[in-house]
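Everything below concerns the one structure shown next.
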Amino acid sequence: MKGMIYAATLALAVAGISFSGTAIAETKPPLYDPIQTGDVAGVRAALQNGADVNATYNGETMLNRAIREKDAQITKILLAAPGIDVNKRGTFNNDMGSWTRTPLILASAMGKTEIVSTLLKMGAAVNTRDISDDMPESRGSTALIKAAQYRHADAIRLLVTEAKGIDLNAKNRFGHAAIWYAAEAEDLASVKLLCEHGAAVNIADNEGESILTTTFLHKNRAVLDYLVSKGADINRVSGKGLTPLDAAILSLKGEDGRTIRGFIDYFLSFKPNLDLQKSLPGGLGGVPALHLAAQFGHADMVALLLDHGASIDLKSQARGATALHYAVFPNEPDAAKVLIKRKANLEIADLTGATPITMATQLHRSEIVRLLSDAGAKPANVKTYGVAPSSLAPNAAPSVSADKLFGTWSGTQDGISYAVMILTLNKAGTYSFTSKFTAAALKTYPSGVNPIIAAHQGSYAVSGDVLTLSPSSAAPVAMRWVMDNGVLVLDGKTRMKKGK
């Protein structure tokens with residue numbers, strides 16, 4: 001027993017904590033102060049007196065400290081010191097987070113090409129990854145990724161041309177490779193260099209997004225042209241079921257909308273498949289570009305896509321609905337006007353049997369009801385949506401089944417006990433959703449962590465046992481719902497109770 005207590009006490013001491021719980025002050029290495037103050041003579045003297053060149057203070061190595069202090073002369077002195085470990089990681093902490101990096105990763109991130117070159121010649125490992133908090137930077141980055149992320153073209157060139165065995169397609173935790181950041185920075189020279197040495201142009205991030213999405217905000221289209229010329233897939237479908245064109249359409253409502261509209265105008269010259277849709281597990285995808293443009297009220301985009309050959313009456317895989325249905329659902333009369341003017345079929349029914357005018361009546365879209373009626377839509381079709389023909393009017397009542405869902409629900413998903421989900425479904429057909437850490441989970445994280453994991457809002461529809469959420473800035477998500485003794489169960493795994 002005494003041995004166990006001694007071992008535990010020793011472990012605490014090694015960690016810098018006394019047995020009583022009081023922190024033990026860490027002694028500064030002899031090199032620390034002269035490096036901190038830029039005292040070259042002091043550094044030389046410390047080394048001559050036998051100072052450990054690989055010593056650490058608060059987790060950071062002396063070499064990394066010198067590099068971070070941007071002192072080239074002291075860095076060179078340390079690199080020339082006998083026994084220097086050029087691959088030893090050092091950890092830097094501040095109010096923004098924690099970074100554990102090798103000297104090569106740090107020098108590359110700072111664009112210190114002379115130091116990078118020296119480290120490479122001294123045998124620095126080129127594919128080692130850093131360790132950091134997820135915010136403000138993702139972990140798992142190599143020296144090349146950091147050079148590209150911080151837009152140091154000279155460091156990129158040096159690493160690509162001089163580092164033996166470098167992995168050009170290494171990804172960080174978010175799945176972003178060096179070419180992703182070079183493309184995003186509109187650095188055509190670096191993109192070309194990486195491609196010429198073997199970087200993949202169809203490399204996707206963890207969400208399956210195409211590298212082409214990094215070019216949305218570019219001032220010119222040179223990088224886009226080059227990537228497409230090298231075989232970048234203009235029709236790649238992401239893990240969310242979105243093509244690059246779809247993703248651009250979903251970004252139109254932001255402050256960069258005008259710039260992204262310019263991207264779309266240009267991107268259409270590559271002749272992407274405008275009718276492409278791919279349904280994915282979890283209710284993702286299955287919605288063509290035209291339908292997304294209609295859903296988010298981009299009437300001019302609806303016209304543009306039709307001009308380029310989008311099929312006006314194509315049914316979505318997600319809901320069996322036409323673009324006109326998608327304009328009705330979130331109440332986008334301008335988009336509906338364009339589709340009606342372009343002779344969209346007014347009598348096509350979706351998977352629930354609803355025609356556009358049926359849906360418009362059910363959802364109280366009075367202006368669109370008038371537009372469709374004036375265009376000759378047949379009101380009798382409303383009976384297939386559970387509403388009598390005599391109820392065809394802007395004030396038609398919502399379905400009885402939908403009444404059960406009105407209100408605010410909260411609960412958890414099976415296997416995800418650290419988060420609580422809150423879903424509010426309003427009678428007007430709008431919703432809000434928030435996912436946040438539970439109080440217990442927050443106690444396991446550093447103070448100041450944002451408790452909100454995700455939040456979005458938009459419109460929703462109920463078709464039988466299918467609840468479809470249409471976020472204001474993302475593709476629709478469909479879920480099966482069932483009421484089990486007052487508990488709302490979504491897709492058999494999310495269980496929520498209604499608030500009082």
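If you go along the chain as it appears here, the first residue is 1 and each next one adds 1.
Here the Cβ of each residue, glycine as well, is placed from N, Cα and C on the backbone.
The signal peptide feature in TrEMBL is assigned to 1-25. If you look up TrEMBL, you'll see 99-131, 174-206, 285-317, 319-351 marked as repeat 'ANK'.
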Taken over the repeat 'ANK' (99-131), the model's mean pLDDT: 95
Contact set, same chain, for the repeat 'ANK' (285-317): CB under 8 Å, 6 or more residues outside the stretch: 237, 240-243, 245-246, 249-250, 252-253, 261, 264-265, 268, 274-279, 323-324, 326-327, 329-330, 332, 334-339, 342-345, 348, 350, 470, 472, 475-476
Composition by DSSP (helix, strand, coil) of residues within the repeat 'ANK' (99-131): 17 helix, 4 strand, 12 coil
DSSP-assigned states of the repeat 'ANK' (285-317) in counts, ordered helix, strand, coil: 16 helix, 1 strand, 16 coil
